[in-house]
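Colleague: Feature table excerpt (TrEMBL):
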type    : residues   : note
BINDING : M63, G224  : substrate binding site
BINDING : R138, S197 : ATP binding site
Amino acid sequence: MTSHTITPSTWHAVDADDPIRARIVQAARDVRERTPLAQSFTNFVTMNFVANAQLAAGGSAAMSLLDQDIVEISSVAGATYINVGTLLPSYQDALHAIVRAFKESGHMWVLDPVAAGLGAARTAILTDMANAAPNIVRGNASELIALASMWGLQSADGSSRPEGVESVDDVESAAAAARAAAQFITTERGEGAVAVSGAIDLVTDGDRTFRLPGGSPLMTKITGAGCSLGGVTATYLCVTDPLTAALAASLLYNRASEMAAEHAHGPGSFQAEFLDALWTCAPEDIANGELFEVRD
Ligand SMILES: Nc1ncnc2c1ncn2[C@@H]1O[C@H](COP(=O)(O)OP(=O)(O)O)[C@@H](O)[C@H]1O
Ligand SMILES: Cc1ncsc1CCOP(=O)(O)O
Ligand SMILES: [Mg+2]
C-alpha cells in the first residue's frame, strides 16, 4: 500500500487490518472463482468496452436493450447495469417497466446517469427512477449533482451546468449530493452506495465516506472508462454488498490504470494495457489500494 498523497486532516488512512479491506479481497476472489453474470442495458458507444472490462475483471457479460429480455434475464443475473448514455424513443417506457420489475423482485442494480441534466427525455427517465431506486449510483461529479437535484435531495443552485458526458465539477463539490443520494437509496433499498469518479474518487453509503486517490489521467482520454467502471461495479455487486462492490471496483480501476499507464504510449495502447491490467491485478493488490475514510 502506498501513501504519497497530501491529504486533509479529516482523511484517515484505512488500516491494513480494517474489516472493509477483508471484504474487498473476498469480493475480488469470489468474482474470479464464480464468474458472475451482470447484465447491462447500456449505451451504443461503449457497450463493447463494458463487456470486455467485465470479462477481464473476472465476470461474465450480457447486453440487451429490450425490457422483457432484461426482466427475464434478471432471474439468472446477479445484478444489472443501467446506463442512459444514448437514448432511443422506446427507452422511457422500457426503463420505467424494468426498474419497477426490479423493485418488485428485489433484484440489485447499478445506475450510471450519463449526462444527467442534459435533455428532457433523459431528465424524465432519471427523475422517474426516484420511485424505483437502484442499489448503487456510479457517475461523475456533475452527474451526481444533477441527479440529486432531480430526486429532490438537493436544490440546484445553478453553479453546475452539464456540458456533455464529461464532468465540469470536481469530486469534492459532489460530496453532499453523493451522501444524500446514498442515504436515499439505502432507505429505499435497504442497502446502497454512491461512487463519484474523478481525480480522487469518492465512495459513500451515506454513513461512511471514503476517498480513493490514484489512477491515471489517461482514463479521461478513452471513452468508456466511467461506463465500464459502472459495469464492473455491477459484476462485484453480484457477490457482495453495495459499499464493498463500489469500493472494490473503484480500487481495481485505480490500480489497473496505474499499471496500464506504465506501458502505454497514448490512448490506444492504454486501452489495451488497461484491459490486460484488469485481468492481471491480484485481489490483494485491489484490497491494499490507497484508501482514506473521511471523518469530520
Ligand atoms: N484525473 C484523473 N486522474 C486519475 N484517474 C481519473 C482521473 N479522472 C478520471 N479518473 C478515473 O477514470 C475512471 C472513470 O472516471 P470518470 O472519467 O470520472 O468517469 P466518466 O467517464 O463517467 O466521466 C475512474 O476510475 C476514475 O478514477
Ligand atoms: C461519448 C458518449 N456519448 C454518449 S454515451 C458516451 C460514452 C460515455 O462514456 P464515459 O461516461 O465512460 O466516458
Ligand atoms: Mg460516464
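Every residue, even glycine, has its Cβ placed from backbone N, Cα and C.
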Colleague: List the residues of the same chain that sit at least 6 positions away from G224 (substrate binding site) in sequence and have their Cβ under 8 Å from its Cβ, in sequence order, or write 'none'.
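Modeller: Within the chain, G224 (substrate binding site) has Cβ neighbours under 8 Å at V45, T46, F49, V50, A53.
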Colleague: So which of the binding-site residues M63, R138, S197, G224 sit close to ligand 1, that is, with a CB under 6 Å from an atom of it?
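Modeller: The ones that qualify, in sequence order, are S197.
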Colleague: Sorry to bug you, but what's the C-alpha spacing from M63 (substrate binding site) to S197 (ATP binding site), rounded to the closest Å?
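Modeller: For S197 (ATP binding site) versus M63 (substrate binding site), the Cα atoms are 23 Å apart.
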Colleague: Filter the binding-site residues R138, S197, G224 down to those with CB closer than 6 A to an atom of ligand 2; keep them in sequence order.
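Modeller: G224, by Cβ distance under 6 Å.
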Colleague: Do me a favour and check the Cα-Cα span between M63 (substrate binding site) and R138 (ATP binding site); whole Å is fine.
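Modeller: Distance (Cα to Cα, whole Å): 18 Å.
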Colleague: Rank the binding-site residues M63, R138, S197 by how many other Cβ atoms lie within 10 Å of each Cβ and give me the one with the fewest.
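Modeller: It is M63 that, of the binding-site residues M63, R138, S197, has the fewest other Cβ atoms within 10 Å.
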